[in-house]
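K.L.:
Starting off with a structure, shown below.
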Amino acid sequence: MGAVVDAVNQDLNGSLAEKNPTVVFVLGGPGSGKGTQCANIVEHFGYTHLSAGDLLRAEIKSGSENGTMIQEMIREGKIVPSEVTIKLLQKAMQDSGNDKFLIDGFPRNEENRAAFEKVTKIEPAFVLFFDCPEEEMERRILSRNQGREDDNVETIRKRFNVFLESSLPVIKHYEARGKVKKIDAARPVAEVFETVKGIFAPKNEKVKGFGHILR
């Protein structure tokens, strides 16, 4: 059975890598405006937006064996293994029929990053980093007023600190490779999107064909 699963995984990895997809990691703290800008990029540039968190939640909701396992791990406060999240991302990429992807909120840490490249054999074209001061993110989240339990000051600050501790090493890794596009996300939405457009517009030859496959 294990050999069959391995063969399926290799198949999935191979066919995905052969497509030479453009993968952009989208990172930023809670309230940095990632979701809004991802929606704009999808609309204007034809990318498929994949949220690791949404995929995990959908898998749990599906009631599958995998979903039950994920739910148990979250309930016990354990971190879902990178490979589980990566398999969900791979399947979503394969099923989409597209070859351009925004992967939002992943990799969350260095271990995620290394596992993604090892498992998929795909290196991201670049990382879109929405850089926003903590005070501004706090203000935005609190003003959403959606009644979410985790939208209180103490929890927001914890989430911000977790983001800093875990995601900054990922950003530094890609920065050393010249692959981080840092955006001042404290500005109004329209202004931020003007900067985003400058990165994704086809006339920007530096971005076209930027992604490549790891050998």
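Here the Cβ of each residue, glycine as well, is placed from N, Cα and C on the backbone.
Quick paste from TrEMBL:
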BINDING   Gly31, Ser32, Gly33, Lys34, Gly35, Thr36, Arg144, Arg187  ATP binding site
BINDING   Arg57, Lys78, Ile79, Val80, Gly105, Phe106, Pro107, Arg108, Arg148, Arg159  ribonucleoside 5'-phosphate binding site
BINDING   Asn112  CMP binding site
K.L.:
Pick from Lys34, Arg57, Arg144, Arg187: which of these binding-site residues has the biggest number of other Cβ atoms within 10 Å of its Cβ?
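P.N.:
Going through Lys34, Arg57, Arg144, Arg187 one by one, the largest Cβ count within 10 Å is at Lys34.
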K.L.:
Do me a favour and check the Cα-Cα span between Gly35 (ATP binding site) and Gly105 (ribonucleoside 5'-phosphate binding site); whole Å is fine.
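P.N.:
Cα-Cα distance, Gly35 (ATP binding site) to Gly105 (ribonucleoside 5'-phosphate binding site): 10 Å.
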K.L.:
Please list residues from the chain of Gly31 (ATP binding site) whose Cβ is under 8 angstroms from its Cβ, counting only those at least six apart in sequence.
P.N.:
Cys132, Glu136, Met137, Glu138, Arg139, Arg140, Ile141, Ile156
K.L.:
Whole-number Å only: compute the distance from the Cα of Arg144 (ATP binding site) to the Cα of Arg57 (ribonucleoside 5'-phosphate binding site).
P.N.:
22
K.L.:
If you count Cβ atoms within 10 Å of the Cβ of the residue listed as 'CMP binding site', leaving out that atom itself, what do you get?
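P.N.:
Excluding its own Cβ, the residue listed as 'CMP binding site' sees 21 Cβ atoms within 10 Å.
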K.L.:
Considering the binding-site residues Gly33, Gly35, Gly105, Pro107, which residue's Cβ sits among the greatest number of other Cβ atoms within 10 Å?
P.N.:
Pro107
K.L.:
Between Pro107 (ribonucleoside 5'-phosphate binding site) and Thr36 (ATP binding site), what C-alpha distance do you get in Å?
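P.N.:
Checking the Cα atoms of Pro107 (ribonucleoside 5'-phosphate binding site) and Thr36 (ATP binding site) gives a distance of 19 Å.
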K.L.:
Taking only the Cα atoms, work out how far Arg187 (ATP binding site) lies from Gly105 (ribonucleoside 5'-phosphate binding site), in Å, as a whole number.
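P.N.:
With the alpha carbons as reference points, the distance is 21 Å.
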K.L.:
Using the structure shown, find which entry in Ser32, Thr36 (the binding-site residues) has the sparsest Cβ neighbourhood within 10 Å.
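P.N.:
Among the binding-site residues Ser32, Thr36, the lowest count of other Cβ atoms within 10 Å belongs to Thr36.
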K.L.:
Roughly how many Å separate the Cα of Gly33 (ATP binding site) from that of Gly105 (ribonucleoside 5'-phosphate binding site), to the nearest whole number?
P.N.:
12
K.L.:
Using C-alpha atoms only, work out the spacing between Ile79 (ribonucleoside 5'-phosphate binding site) and Asn112 (CMP binding site) and round it to an integer in Å.
P.N.:
11
K.L.:
Among Gly31, Ser32, Gly33, Lys34, Gly35, Thr36, Arg144, Arg187, which the record lists as binding ATP, how far apart in Å are the two most distant Cα atoms?
P.N.:
17
